[in-house]
Amino acid sequence: MGIGSLIATMLPSSIAFLPACTGMVIGWRWLGLPLGPNARSSTHRDRPGARPRPGRPSTTVTGMDTTRFDDDLRAMLGEVESDRRGEPSDYLEDVAGQHVDGLAVAVCTVDGHQAAAGETEHAFALQSVSKVLTYAVVLQEIGLDHVLEDVGVEPSGESFNHLSLHDDGRPCNPLINAGAILVHSLLPAGDEDERTALLLRRYSAMAGVELEVCEDVLDAERTRADRNLGLAHLLADAGRLPISAREAVAGYLAQCSVLVTAPQLAVMGATLAAGGTNPVTGERVLDEWVAQQAMSVMLTCGMYDASGQWVAEVGVPAKSGVSGALLGAVPGALGIATWSPRLDEQGNSRRGIGLFEGLSARWDLHVLQHRGALRGLSGPR
């Protein structure tokens with residue numbers, strides 16, 4: 001069994017995020033974060049910008065002053081905003097209002113408290129962040145066993161668009177391009193439009209707002225689709241695609257072109273962190289096991305050939321995109337989203353990584369740090 005399969009199997013046992021586990025001793029208590037998706041904040045916001053309930057203090061359910069979030073986010077922005085290293089994706093620059101030095105960060109806790117800093121109203125394309133969201137939707141629709149017949153969960157150790165498959169024709173994992181194209185093809189819908197409509201419904205439910213495909217981004221994607229078409233034809237030649245290569249790539253490009261803001265993306269992360277329930281709307285979007293599996297592959301594969309270093313230094317399940325988007329989900333605690341278009345050599349947001357490194361250290365977010373004895377293995381029998 002590989003490391004990806006091992007962690008996908010074991011991670012939820014040691015990082016519980018069920019509502020009943022609110023008594024666990026975890027580092028997130030330092031933040032005053034709620035420990036279950038059914039907890040409600042006294043400043044719960046049904047939509048970004050909503051006013052706190054009258055007569056209630058600005059605290060989470062555990063008594064933390066929520067201005068701490070705002071202060072910390074602003075401080076972290078100040079620490080990374082001068083970093084001008086890296087370049088944006090060449091074909092996305094100037095598309096949908098993209099600009100090189102844009103910067104935003106947002107968080108949403110599993111009780112629905114939200115905070116953000118920077119260019120929080122700027123919309124950007126999901127790009128490869130969509131891969132884990134579509135993976136979750138497909139798991140929900142057809143089940144894990146069916147999906148694992150066609151795509152693995154092992155880190156590839158290669159770049160996101162590497163032209164390679166396992167000997168049996170399966171992509172290594174759902175978060176590289178080949179795996180994402182295959183996963184998209186498994187959506188139980190009749191044609192490209194129906195598959196995109198299904199994804200938009202589920203994405204919107206995760207975000208708590210209606211999301212749309214940006215045609216300008218999609219047009220830009222189509223001009224650079226040759227490599228993805230090559231991957232799709234390899235999958236088709238291996239007998240893995242249930243639809244044509246062109247259909248699979250067309251749908252995959254559409255999901256990459258969905259626009260979000262940092263606060264909306266943070267809510268999507270919080271939906272995963274809360275075990276599949278949107279903490280802002282209260283809607284059950286995904287089963288808990290689906291959220292668990294999605295976060296497992298985020299932790300092991302979400303940062304491409306930098307995933308090992310990411311786990312060691314940041315330790316937060318995350319997924320990046322070449323638009324500069326970076327999504328994180330800390331089980332039982334919160335979702336984090338950053339946006340900054342300057343990319344490093346692996347295609348990950350350079351300043352986004354800096355923000356996650358700072359927040360992980362400042363807020364004690366590493367999911368593999370010592371939390372005390374496992375409750376199920378302690379005490380007399």
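Placement of Cβ uses the backbone N, Cα and C atoms for every residue, glycine included.
Record check: TrEMBL places ASN177, GLU221, ASN228, TYR252, TYR304, VAL322 at the substrate site, and the matching candidate among SER82, SER128 is SER128.
DSSP classifies VAL322 (substrate binding site) as coil under the three-state reduction.
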